[in-house]
Amino acid sequence: MKIWSSEHVLEHPWEMVTTAAMQKYPNPMNPRVVGVDVLDRHVDPSRKLHSHRLLSTEWGLPSIVKSTNISFTNMVSVDERLTYKQHPQDPEKTVLTQEAIITVKAVSLSSYLEGLMASSISSNANKGREAMEWVIHKLNTKIEDLAVSARGSIRTPMAAAAALVEKK
Amino acid sequence: MNSVGEACTDMKREYDQCFNRWFAEKFLKGDGSGDPCTDLFKRYQQCVQKAIKEKEIPIEGLEFMGHGKEKPENSS
């Protein structure tokens with residue numbers, strides 16, 4: 001079992017970041033994500049929103065794996081958790097904490113394979129952050145366009161929401 | 001973005017538009033009550049559940065990766 005974690009500050013308020021996280025796909029950094037579905041969604045009594053989503057991805061297993069019928073899904077498990085929290089010192093920023101637990105259920109090579117997967121997760125984490133910046137930029141452009149077309153009389157309501165929202 | 005079920009993509013996009021609007025304009029402002037998207041979600045869900053069964057996607061199998069803590073409810 002291998003644990004990988006990293007912390008990163010996004011220079012955007014939490015409301016923008018979570019809105020972007022909900023609309024993360026499609027983006028040019030993650031071309032392998034080909035589908036996103038919501039399997040369940042509800043607000044619990046403590047007003048926390050739960051979303052259970054299914055991401056459909058195309059990883060393109062090499063043909064040698066397909067022909068020898070090895071089932072990697074039973075051997076490798078990666079459990080990844082991303083947490084976005086308002087920055088404790090600056091409400092205009094968000095802290096992203098990423099953790100991954102990697103387990104390879106093979107007798108030999110497991111620590112080597114786990115190490116490989118950790119490197120892969122680490123470089124993918126950079127892509128993921130780029131993807132978030134891309135989505136945020138797109139959303140901000142949309143907001144600016146709306147403001148211009150409304151002749152600038154309406155400011156984005158997101159900043160005003162900051163005081164009202166319970167932070168996770 | 002597409003749905004796992006090809007026939008569900010349009011329903012998914014309609015629901016997503018409704019949810020994204022509610023999320024930014026209501027939920028993030030502290031108003032989590034009322035869900036204007038329930039009907040859209042129901043229709044979309046029926047389609048997706050059918051597609052998941054047809055493609056034999058093992059949703060229950062996701063549990064082997066989880067720790068069991070704070071996992072959202074699985075409605076399948």
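Just so you know, the numbers here start at 1 and follow the chain as drawn.
Just so it is clear, glycine is given a Cβ too, placed from its N, Cα and C backbone atoms.
Averaged over the coiled coil (B:1-52), the predicted model reaches a pLDDT of 93. According to Swiss-Prot, the coiled coil annotation covers B:1-52.
For B:MET1, the entry in Swiss-Prot reads N-acetylmethionine. Sequence-distant neighbours of B:MET1 (N-acetylmethionine) (same chain, 6+ apart, CB under 8 A from its CB) are B:LYS12, B:ARG13, B:ASP16.
Residues or ranges marked as domain 'CHCH' by Swiss-Prot on the basis of sequence analysis: B:5-55. DSSP states for the domain 'CHCH' (B:5-55), grouped as helix (H, G, I), strand (E, B) and coil, give 40 helix, 0 strand, 11 coil.
Summarising the environment of B:CYS8 (disulfide bond), the number of other Cβ atoms within 10 Å of its Cβ, over all protein chains shown, is 24. Annotation source Swiss-Prot lists disulfide bond at B:CYS8-B:CYS47 (among others), citing sequence analysis.
For B:8-18, the entry in Swiss-Prot reads motif 'Cx9C motif 1'.
Non-local contacts of B:CYS18 (disulfide bond) by the CB criterion (under 8 A, 6+ apart in sequence, same chain) comprise B:PRO36, B:CYS37, B:LEU40. Under the heading disulfide bond, Swiss-Prot lists B:CYS18-B:CYS37 (among others).
What Swiss-Prot records for B:PHE27 (among others) is site 'Important for interaction with PRELID3A'. Counting every protein chain shown, the number of other Cβ atoms lying within 10 Å of the Cβ of B:PHE27 (site 'Important for interaction with PRELID3A') is 21.
The motif 'Cx9C motif 2' annotation in Swiss-Prot covers B:37-47 and is backed by sequence analysis.
Annotated site 'Important for interaction with PRELID3A' per Swiss-Prot: B:PHE41 (among others), in sequence order, evidence recorded as similarity to another entry.
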When the Cα-Cα distance from B:PHE27 (site 'Important for interaction with PRELID3A') is computed for each of the recorded positions B:CYS8, B:PHE41, B:CYS47, which gives the smallest value?
B:PHE41
Per DSSP, three-state class assigned to B:MET1 (N-acetylmethionine):
coil
Name the recorded positions, out of B:MET1, B:CYS18, B:PHE27, B:CYS37, B:PHE41, B:CYS47, that lie close to chain A, meaning a Cβ-Cβ distance under 8 Å, keeping sequence order and answering 'none' if none do.
B:MET1, B:PHE27, B:PHE41
